[in-house]
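Asker: Got a structure here, written out as structure tokens. Questions coming.
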């Protein structure tokens, strides 16, 4: 096949999750429902934290940022998929595809960083409670979010700019429902060694450092909890970490599952189905995990709903 320069590429084709036309309406209904549930659930978390003064703490500040990030992450992939199903058109422009790659990397990376920052917050609160307010002051938790955002943007731009150097063949079909970095690199006809090395090197560093920090922090958290004298203090400490640990397990567990599925199967379509877990399902479940296992959050949500439902 003759190579074409990347500037000549006008569009890619997103093949989606299935080739069966009869299943398209079902997939549309399922993903539209998941998208709306995700938007509503995370928006309720943000509003509850904003309107309840009792939740104006670093922990809930990070949680509201996580919810906003989840809205952005799912919005960068699902709406385009829904539009393509409605229009019966699988195409996405070259610029739109690279933009989608960039946004997915930014918000996926920011989720990774925010989970690590939230773990650090729980570590300070449980292991150093007497100086918690001194360490986790308003300036620091805003700085941590901004630093996470900057790191994620640099991470995303690095990969996106490296994709710009690639040239592509005439086969521009992506067996996925969004433009995933690994799938784009596979389509290239030019040398992709640098891109592959960069993916594994940067991803290993970018995901490995926060994950190591999370594991390190929870080792100290568990050790501190077991040293607490009363069972009530232990229960309170575990309850504050329970929802966060569940979100961390869901995010890294689904991400690791996608990696395993890509290794054990040659089917890109099966890998695409597995990637739904970390790119859609995780964002939908996060608000339920954070609210159902948190008494303060449930109280704030009840206040918000009653305030909204009551007449002026």
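Cβ coordinates come from backbone N, Cα and C, glycine included.
Quick paste from TrEMBL:
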| type | residues | note |
| --- | --- | --- |
| DOMAIN | 41-290 | domain 'G-protein coupled receptors family 1 profile' |
| TRANSMEM | 22-47 | transmembrane segment |
| TRANSMEM | 59-78 | transmembrane segment |
| TRANSMEM | 98-120 | transmembrane segment |
| TRANSMEM | 140-158 | transmembrane segment |
| TRANSMEM | 197-221 | transmembrane segment |
| TRANSMEM | 242-260 | transmembrane segment |
| TRANSMEM | 272-292 | transmembrane segment |
Asker: Among 98-120, 197-221, 242-260, 272-292, which stretch has the most Cβ pairs under 8 Å to the transmembrane segment (22-47)?
Answerer: 272-292
Asker: Mean pLDDT, the domain 'G-protein coupled receptors family 1 profile' (41-290)?
Answerer: 87
Asker: What same-chain residues lie close to the transmembrane segment (59-78): Cβ under 8 Å, and 6 or more beyond its ends?
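Answerer: Residues 31, 34-35, 38-39, 42-43, 45-46, 49-50, 100, 103-104, 107-108, 110-111, 114-115, 117-118, 121-122, 125, 141, 144-145, 177-178, 240, 247, 279-280, 282-284, 286-287, 290, 297 contact the transmembrane segment (59-78) from elsewhere in the chain.
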